[in-house]
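For 2-146, the entry in TrEMBL reads domain 'Aspartate/ornithine carbamoyltransferase carbamoyl-P binding'. Residues or ranges marked as carbamoyl phosphate binding site by TrEMBL: R54, T55, R104, H134, Q137, G271, P272. According to TrEMBL, the feature L-aspartate binding site maps to K82, R174, R230. Residues or ranges marked as domain 'Aspartate/ornithine carbamoyltransferase Asp/Orn-binding' in TrEMBL: 160-309.
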Amino acid sequence: MRHLLDTRTLSRDDALLILDTAEDMAATQQREMKKLPTLRGKSVVNLFFEDSTRTRISFEAAAKRLSADVINFSAKGSSVSKGESLKDTAQTLQAIGADGVIIRHPASGAASRLASSGWIEAGVLNAGDGMHEHPTQALLDAFTMRRRLHGAASRGKGLDGVSVVIIGDIAHSRVARSNLWLLIALGAQVSLVAPETLLPFGVRDWPVSIYHSLDEALRVENPDVVMMLRIQTERMHAAFFPNEREYARNWGFDDRRLQTLSERAIVMHPGPMNRGLEISSGAADSPRSTVLEQVANGVSVRMACLYLLLSGERTEG
Ligand code: CP
């Protein structure tokens, strides 16, 4: 792997390699919180054109635990606000000598553009591009599912036969898209639940079941995993969104719905959460919730991605 741009083109073998390498990283971190020398002398740039808490901090922690030098770049306060283009920004990073660039950008396709442009030689990791993909979020979600559902014996395993119901603002969600392709590659069965206005164009061509009623989806699918999505009001036209009370009643994962889950089922959310809208505090803070585990696992998964892309151990493809 030279870049990590999406999960749609990630093979099952490569996904398992990343997840198993993340297990190694987690084990090392648990044994001794010391830095690994793997990326000593390498420079990693966090290039964020959109806000982030979890992804940016997690990539920074992952790179530092592998002994890389980290440069944080935020569009706010940079020459981007003076109109500097992605090309000129990228060439500036090339001149500085970046080995890896982690990019979050509001435009779908920005990470691929950077990787294929020839502007930089660095490995590119997509940290979320518009409504397209967020591959490391999907990988950390799959890692969390594997650990919760398979326990200590998760290494080498996919998610064959696991039922995952993804609920909410599918239309604007790069997390939903990346999860969908990765989960299918790993053998899971995926169902989507949303009001018609929050389903994306072309969704009926995707290999998923589609529901409008959350209660029906929970009854029919008996899910192992419930994944709630944030309502992305910043990306939507007001006409697409039912009012908040109606949304919470019909599509919110509340305490009553939590009680209907099977014993082994887990509740996920990528964050940031709108408590009381797409998820109740009772569900978000329950023992079934993996919200904080997802954040913690994100560091191990991102260490694995940085190691596999930048260490020079495996650069074909
Ligand atoms: N899950 C996620 O991408 O969160 P941030 O926007 O805080 O990075």
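Yeah, the Cβs are placed from backbone N, Cα and C, and that goes for glycine too.
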Key: Of K82, R104, R174 (the binding-site residues), the residue whose Cβ has the fewest other Cβ atoms within 10 Å   = K82
Query = According to DSSP, which kind of secondary structure is T55 (carbamoyl phosphate binding site) found in, if we only use helix, strand and coil?
reply = helix
Request  = Out of R54, T55, H134, G271, point to the one nearest R230 (L-aspartate binding site) in space (Cα versus Cα); all of them are binding-site residues in the record.
outcome  = G271
Inquiry  = Residues other than R54, T55, R104, H134, Q137, G271, P272 within 8 Å, Cβ to Cβ centroid, of the carbamoyl phosphate site?
reply    = S52, T53, A127, G128, V175, P270
Message = Can you tell me which of the binding-site residues R54, T55, R104, H134 is spatially closest to K82 (L-aspartate binding site)? Compare CA atoms only.
response = R104
Which listed residue (G271, P272) has most other Cβ within 10 Å, given these are binding-site residues = G271
Inquiry  = Any of the binding-site residues R54, T55, R104, R174, R230, G271 with a C-beta atom under 6 A from ligand 1? Give them in order, or none.
reply    = R54, T55, G271
Query = Sorted by position, what residues of the same chain at least six away from H134 (carbamoyl phosphate binding site) have a C-beta under 8 A from it?
reply = T55, N126, A127, G128, R174, V175, R177, S178, P270
Task = Would you mind pulling the DSSP three-state label for R104 (carbamoyl phosphate binding site)?
result = strand
Note = Neighbour count check, CB within 10 A, over binding-site residues R54, R230; minimum at R54
